[in-house]
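S.K.: Can you keep this structure in mind? I'll have questions shortly.
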Amino acid sequence: MLIWLAANLVVTTLLTGTLFVPGISFGDSLLWIVCGTVLGAGVLTLVAVMGVRTGLSTMALTKGSFGLRGSIVPSLSNLVILMGWSWVQAMLAGISVDYLIHSWTGYSNPILFAALCQAFVVFLAIFGHVGISRIEPLFGLVIVSIIAYVFAVAFSTHPPAEYFAIAIDPALGMDGALVFDIVFATAISWTVLSADLTRTARSVRAGATGAAIGYTTSTILAMTLGATAISYVLLEGDEAIAFDPTVIIMAFGAPLAAVMFLSVMATNTMVMYGMTLSLQHAFPRRRPLPFLPTALGLGVVAVIGSTWLGLLDQFTNFLATIGALFIPVFAVMIVDYYLARRRSYHREILNHKGGKYWFTGGWNIGAILVWATGAGLYTLLTTVWFSPVGAALPTVLFSGLFYWLWTRIAGISEPQGVESQHLADQLELTTTK
């Protein structure tokens, strides 16, 4: 649980909370943060349980539904999205560090500090999952204590009633459905790592409980902190600029800057680890790519990309891209594993060619078509046909229903009484032969 708690007490999640007020009221922001987080955590937990039961990473699991070769589609999409997250978080950490250094010394170079933060993350990620597990709980405890300090300052200066009374600004174009989609997309962005981080859990119950409670608690805390911080700035009479770390650092000082830096160190370490696993298993090879060279190669790209600060201006579009690409992926995976396959994957998912997951030349055409159509639907609902219930839930239902129909047509199923297999040990044997 602590690894999830520390992972999502992160600067990007905190700053996402600053997007909502005063577009909608403070109270409505809290309501939609909770709704989007709880429903998104449901998807995340279902995929996490798949990881515990099989011992496989999230992208390795896509071979069961998309095919041994078709899994390259979600794997490469995942690589792009995780790299984008890594850049954004390093940039925000760099800006936070730059603000402090500038206030103390007069020296300012946010690009340099972003690159240095990213380089340190690459160093941490080289230790792999064991190193991450040792570091995360410590960061989590430090971050929680500083969050408590920020809440204490905010609500001792202005009572809660003043936050709930902040006037809405309709010109910002925000509504509850949009807030829900943003919060839900945040959960989807973490689901790409959910099996990776829980597959070593002692039991299914422990993995599911840790992922669900850890993710839900950390996300609600972080986004509520962001909404509270931007509301505090408004109540103080200052200009409230959404998704700008310096605005709330000025309001709360060095402790909040420390939260931002530590959160990036914790989260980006996990992101780098997840990117490495994704690329290792992206291609249908007899053996995965070696960890260390893969991590170092991705690390070079991550450090260079962290200097592109202009990406921060496109953050909401980035979240929409995550929703479009991965909501259909996880709808397909969940229907395939829990309904069609009766919660069981065979060891043939470890093959590099042939077997029951080869489908048509390694591609499950139905899964690819559902993914592409679902991504198109999400894009239309966010850019052309604005749905009163948002884009996330219609896309989940559409993708899940149509993939279920495909499994019936294509005869994708497992017999009654099939037993789940833990495949991690078999994967190790396969890769050492």
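Every residue, even glycine, has its Cβ placed from backbone N, Cα and C.
The model shown is predicted, which means the values in this text are computed figures rather than measured ones.
Per TrEMBL, the features are:
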{"type": "TRANSMEM", "residues": "30-52", "note": "transmembrane segment"}
{"type": "TRANSMEM", "residues": "72-95", "note": "transmembrane segment"}
{"type": "TRANSMEM", "residues": "107-126", "note": "transmembrane segment"}
{"type": "TRANSMEM", "residues": "138-157", "note": "transmembrane segment"}
{"type": "TRANSMEM", "residues": "177-198", "note": "transmembrane segment"}
{"type": "TRANSMEM", "residues": "210-235", "note": "transmembrane segment"}
{"type": "TRANSMEM", "residues": "247-271", "note": "transmembrane segment"}
{"type": "TRANSMEM", "residues": "291-312", "note": "transmembrane segment"}
{"type": "TRANSMEM", "residues": "318-340", "note": "transmembrane segment"}
{"type": "TRANSMEM", "residues": "361-379", "note": "transmembrane segment"}
{"type": "TRANSMEM", "residues": "385-406", "note": "transmembrane segment"}
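Quick one: where do these features end up spatially?
M.R.: Within the chain carrying the transmembrane segment (72-95), a Cβ under 8 angstroms from the stretch's Cβ atoms is held by residues 10-12, 15, 58-59, 62, 66, 110-118, 121, 189, 192-193, 245-246, 260-261, 263-265, 267-268, 271-272, 274-275, 278-279, 281-284, 298, 301-302, 305-306, 308-309, 311-312, 315, 318, 321-322, 325-326, 329, 368, 371, all 6 or more beyond its ends.
If you look at the transmembrane segment (138-157), the same-chain residues 6 or more away from its ends with a CB under 8 A from one of its CBs are 2-3, 5-6, 9, 221-222, 225, 228-229, 231-232, 235-236, 252, 255-256, 258-259, 262-263, 265-266.
Using a Cβ-Cβ cut-off under 8 Å and counting only residues 6 or more beyond its ends in the same chain, the transmembrane segment (210-235) has close neighbours at 1-10, 13-22, 26, 29-30, 33-34, 37-38, 40-42, 44-45, 48, 144, 147, 150-151, 153-155, 157-158, 162-163, 166, 183, 186-187, 190, 194, 197-198, 201, 242, 247-248, 251-252, 256.
When Cβ-Cβ distances below 8 Å are used as the criterion, the transmembrane segment (247-271) is approached by residues 3, 6-12, 14, 18, 82, 85-86, 89-90, 92-93, 96-97, 99-100, 117-118, 120-121, 124-125, 131-132, 135-136, 139-140, 142-143, 146-147, 149-150, 153, 193, 197, 226, 229-230, 232-233, 236, 238-241 of the same chain, each at least six residues removed from its ends.
Through the fold, the transmembrane segment (291-312) approaches residues 83-84, 86-88, 90-92, 94-95, 110-111, 114-115, 117-119, 121-122, 125-126, 128, 243, 272-273, 275-276, 279-280, 318 of its own chain, all at least 6 residues removed from its boundaries and within a Cβ separation under 8 Å.
With a cut-off of 8 Å between Cβ atoms, the residues of this chain six or more beyond the transmembrane segment (318-340) that come close are 16, 43, 46-47, 50, 61-62, 64-66, 74, 77-78, 81, 84, 88, 181-182, 184-186, 188-189, 191-192, 311, 367, 370-375, 378-379, 382, 391-392, 395-396, 399-400, 403-404, 407, 412-414.
Same-chain neighbours of the transmembrane segment (385-406): 39, 43, 65, 177-178, 180-181, 184-185, 188, 323-324, 327-328, 331-332, 334-336, 339-340, 366-367, 369-371, 373-374, 377-378, 412, counting only residues six or more beyond its ends whose CB sits under 8 Å from a CB of the stretch.
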S.K.: Output the single range from 30-52, 107-126, 361-379 maximising the number of Cβ pairs under 8 Å to the transmembrane segment (177-198).
M.R.: 30-52
S.K.: Excluding the flanking five residues on each side, which residues at least 6 beyond the ends of the transmembrane segment (30-52) place their CB within less than 8 Å of a CB in that stretch?
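M.R.: Beyond its ends, the transmembrane segment (30-52) has Cβ neighbours at 17, 20, 24, 58, 61, 176, 179-188, 190-191, 194-199, 201, 203-204, 206-208, 211-212, 215-216, 219-220, 223-224, 227, 330, 333-334, 337-338, 393, 396.
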